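Have a look at the structure below before the remarks.
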Amino acid sequence: MTILPISAFSDNYIWTFIDKIAGVLDCVDPGEAGPIIRFAQSNQLTLRTILLTHHHYDHIGGVDLLIKQWPSCKVYGPIDERINNVTHPIKQGQSVQVGSLHFHILFNPGHTSTHISYYEPQQGWLFCGDTLFSAGCGRVFDGTIEELHESLLLFKKLPRNTKVFCAHEYTLQNLKFAHTVEPCNSSVINYMQQILKQPSPCTLPSNIDLELSINPFLRTDKEQVKQYALSHGANSSDSLDVFKVLRNQKNSFK
């Protein structure tokens with residue numbers, strides 16, 4: 001099985017699992033139908049499964065057309081009335097079988113109130129929607145900042161070699177903010193230089209080990225990150241207080 005990011009909109013990735021022997025593909029968060037339909041048709045593939053992480057249009061906008069094209073396609077997603085056409089509603093603690101892949105469902109509210117992620121422990125793959133980005137994290141919409149903080153603490157506990165398949169290409173801009181927070185962090189500096197030199201604009205997947213070294217939202221226990229937060233209005237150096245300031249500062253960062 002092959003994993004391929006299919007681009008959508010300006011910076012979305014629709015992660016696809018391709019099994020050419022079986023003649024099928026599966027995808028995560030198809031915000032647009034066109035790219036998936038064109039890819040499937042050009043490779044003589046049938047869409048078997050759609051996995052959804054949350055209700056935002058750039059993640060579910062293609063579902064209607066895709067299930068019209070492939071009526072037998074299974075659609076997994078969180079229990080949320082804002083998402084239509086989910087054939088298999090799922091929640092924390094359940095699992096999803098997609099071909100040979102066995103995904104555990106992680107409840108990760110914060111970005112939205114019902115956000116979930118798909119974790120495949122045998123392969124070490126995490127499809128985290130808009131909860132975690134490389135060197136960053138999602139904004140808070142209808143979830144809470146406390147929930148988002150807890151969701152990222154959960155990700156910190158995953159094995160370090162876990163590959164992180166984020167839904168957006170935000171890495172370079174996130175690294176610029178990370179460098180503002182930790183100007184002496186050599187991991188941030190080196191990784192920024194690396195991706196500026198690489199020929200491909202795609203920086204994903206990332207991995208938990210890398211994120212623990214470059215992502216300020218996973219580094220709220222580090223002294224320089226604490227000092228940055230305290231100098232920008234944090235009430236204390238407690239992890240949640242630091243996280244709140246980081247998220248607020250990132251919201252207005254240019």
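Cβ atoms here come from the backbone N, Cα and C positions, even for glycine.
Annotated Zn(2+) 2 binding in Swiss-Prot involves D58, H59, D130 plus, out of the candidates H88, H168, H179, the residue H168. Here the Cα atom of H59 (Zn(2+) 2 binding site) is found 9 Å from that of D130 (Zn(2+) 1 binding site).
Reported as a whole number, the C-alpha separation between H54 (Zn(2+) 1 binding site) and H168 (Zn(2+) 2 binding site) equals 14 Å.
Other Cβ atoms within 10 Å of the Cβ of D58 (Zn(2+) 2 binding site) number 18 in total over all chains. Taking all protein chains in view, 29 other C-beta atoms sit within 10 angstroms of the C-beta of H54 (Zn(2+) 1 binding site).
When other Cβ atoms within 10 Å of the Cβ of D130 (Zn(2+) 1 binding site) are tallied across all protein chains shown, the result is 25.
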